[in-house]
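I have a structure I would like to understand better, so I am pasting it below and will then ask my questions one at a time.
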Amino acid sequence: MGRVGAGGTAREAATRSLLLLLLLLLLARPPPAAASNSKESEVGLVSEHFSQAPQKLSFYSWYGSTRLFHFRVPPDTVLLRWLLHVSQGGPSCTDEEITVHFRYGAPPVINPLGTSFPDNTLNHASFHIRALLSTLMLDNTSVNISHPAPGDWFLVAHLPPSSQKIQVKGFVPTCAYIFQPDMLVMRVVEVSTLEPEVPLPQTLLSYPSYLKIFVPEYTQELRLELQGCVSSVSPGCPVRLTVGATTLPRNFQRVLTCTGLAPSCHLLLSSPPWGRWLQVTFESLAEPHVTVGFTAKAVFTVCRPWSVTIHHLIQNNPNQTYDTSAIQLSQSAVHRDLGRSSRVDSGPFCLLNYPVLREDTDVVSVHFQPLNGAFVLVHSRMPSVMQLRLDTGMDSGGSFIIVLRTNKTEVTNGTLVAACVNAASPFLSFNTSLNCTTAFFQGYPMFLRASSHMANLIMPFPETDNWYLSLQLVCPESPEDCEQAVVRVETILYLVPCLNDCGPYGQCLLLRRYGYVYAGCSCKAGWRGWSCTDNSTAQTVAQQRAAALLLTLSNLMFLAPIAISLHRSFLVEASVYFYTMFFSTFYHACDQPGEAVLCILSYDTLQYCDFLGSGASTWVTILCMARLKTILKQVLLVLGTLVIAMSLQMDRRGIWNLMGPCVFAFVIMASMWIYRCGHRGQCYPTSWQRWVFYLLPGISMASVGIAMYTSMMTSDNYYYTHSIWHILLAGSAAFLLPPREEKAGSWACLQKFPCHYQICRNDRDELYTVT
């Protein structure tokens, strides 16, 4: 059941629960016109409520910045209502616009930045709503869908596109926008089954009648008929017939309105969805309390498939493997069998079925291949069909690529290989049309011509369903030229998380919402788009190399504090500065896109070492300024570095995980300086030259660097501002390092042993060293 969003009070929870209860009652209540039949309606309809945990919204920059919600709509649902809840928390909240996208079968394909997609990529505008935060908080925003398709439904929510400013996590208070959708459904319990060729009498008053019919495989046509339709008060047939379910963003429901004087009407569906239940709804268009009676009937037109199996290949060529020669032998066998009989007692052949091997290679990675090899024989007599099973529920989070190729010599100027990609059922009517339209789906056409011997199609986030690739040889000008022609088409079919692994300027990242996994591209160097192929704002290669040189060579500024540390005998500090310089240089070399990238270790390892070096450098510099005793200083150096390493492992981006230990070191330094001032009766350090020429410049550089790091960096100026940050950090360390410690008197030997070993004690007290 529903859960209250983060930070909600008990009063808000009670109010929300009451609101959901009222909505459920409204959903379950029958229409006023059906008051006399309320008992029957309440028995036939039930309401259910589903919800998921709330999520914090983010400003949009790429698909990973959206928040995905995955629901499953139960079968026989006649009404679906999404109830959208939004709350906020924080001192700096503004009235932002929130966008929510809806899609059936797969996550929505969205494009808030208006970028371009790769060539031959399907991109249908998503169904979405936009509303201001204040509107969503004041009003109970809802989205109603009648007769939704059962199965997976996805919601994606996000804030407007993000600004270019790079926010440091935890430095300034931010607003938390919390979003949570609730799904309320009204489901039919009593659904009559319409059997083929069996008339089913129906009587309508003022409430609908719900039927369902199972469509078997290899169904060419479905004819739904209303016979003997009569009204109790007037002639004609005032009935509206709705077939199929609602899907988003595209809806292919079929509606037939029988308003004429004829007592019958019918609806013809070509290539209905195979192997599933089809929902049929009858509604009366007459006045209230007017009875309409009719008889519903379903008639199927089926055909026999010719299946190309391994048995046929072995029977024709038992001693050869399934290479090109085997395909040619199979080709002649198919021609021979089809030529002998194109019609048998149970009906004509309607398609040439090619069994397909599905090979799962990795997460959201599948390869499809015909069992008889990579080639498919395409004829003019009937379509060749391949079934591509993307129905596991885990295949809709990637990109499905279809590539068709043929030999240049096999497709002449007068021939055309037409292909259609459809979900739920194949397109079979190539002889009458090439629009790839089935009963409830608009397919995607592909063509191979004499001038174009290759065609490809890219489907981001394909719907969870059985997909079909159907091909047929067509001769528009002279059909007789295609009667004996056969074309071999090579098919390359595979599902991958990201197209081309997001290219050289992007990174393919797997995202997860509970057990559902999907993928997205995170682009770099100004490249944008679904697959990082939009170069409208991209950097040139020269700009990329200049940025890489700035970010890497700016770390050479650490040579100054390294040299000063070695000169003043601060060996530990010099080692930490060298560590920081080394890993910061190679981290930024690995962080570059395209041709300027160089990784000596994994990206995550280099990033962690870079962050650790930055924190450790600040820690050792402040402790060195504190002038502690040697033992205490060494203990604090080790403990502080371990604490910084632990905090970075918990949250690498949190600013206070780094600043916290450094503030603690600053408190230690300030305490020691105040102690010396009180003990000596004068300011520490005592030299005004030390303050003017070293401390003040070092503090100024550190202050400017912190201000630039926390509030001035953007995606556009990152290469320059971050390089300046490197210079300021290293420069401040060079200025703030204390001078060499004054040498104390000679070491006094407390005891001498006959074996010439000596135990010595240093009488110098570092606490009173004058600098």
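Glycine too: its Cβ is placed from the backbone N, Cα and C atoms.
Those TrEMBL annotations? Automatic predictions, nothing curated.
Feature annotation from TrEMBL assigns disulfide bond to CYS498-CYS508, CYS523-CYS532. The domain 'EGF-like' annotation in TrEMBL covers 494-533. Look at TrEMBL and you will find 1-35 tagged as signal peptide. If you look up TrEMBL, you'll see 631-648, 654-675, 691-712 marked as transmembrane segment.
I'm curious about the neighbourhood of these features; can you describe it?
The Cβ of CYS498 (disulfide bond) has 23 neighbouring Cβ atoms from other residues within 10 Å, across all protein chains displayed.
Within the same chain, residues at least six positions away from CYS523 (disulfide bond) with a Cβ under 8 Å of its Cβ are TRP62, CYS502, TYR505, GLY506, GLY529, CYS532.
Tertiary neighbourhood of the domain 'EGF-like' (494-533): same-chain residues 62-64, 68-70, 107, 109, 111, 113, 115-118, 121, 123, 363-368, 390, 393-401, 458, 460-462, 539, 544, 592-595, selected by CB-CB distance under 8 Å and a gap of 6+ residues from either end.
Counting same-chain residues at least six beyond the ends of the transmembrane segment (691-712), those with a Cβ under 8 angstroms from any Cβ of the stretch are 168, 171-172, 655, 685, 721, 724-725, 728-729, 731-736.
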Out of CYS508, CYS532, which of these disulfide-bonded residues shows the lowest number of other CB atoms within 10 Å of its CB?
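Looking at the disulfide-bonded residues CYS508, CYS532, the Cβ with the fewest others within 10 Å is that of CYS508.
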Which bits of the chain, at least 6 residues beyond where the transmembrane segment (654-675) starts or stops, bring a Cβ under 8 A of a Cβ in it?
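Beyond its ends, the transmembrane segment (654-675) has Cβ neighbours at 168-171, 611, 614-615, 618-619, 622-623, 625-628, 636, 640, 643-644, 647-648, 684, 710.
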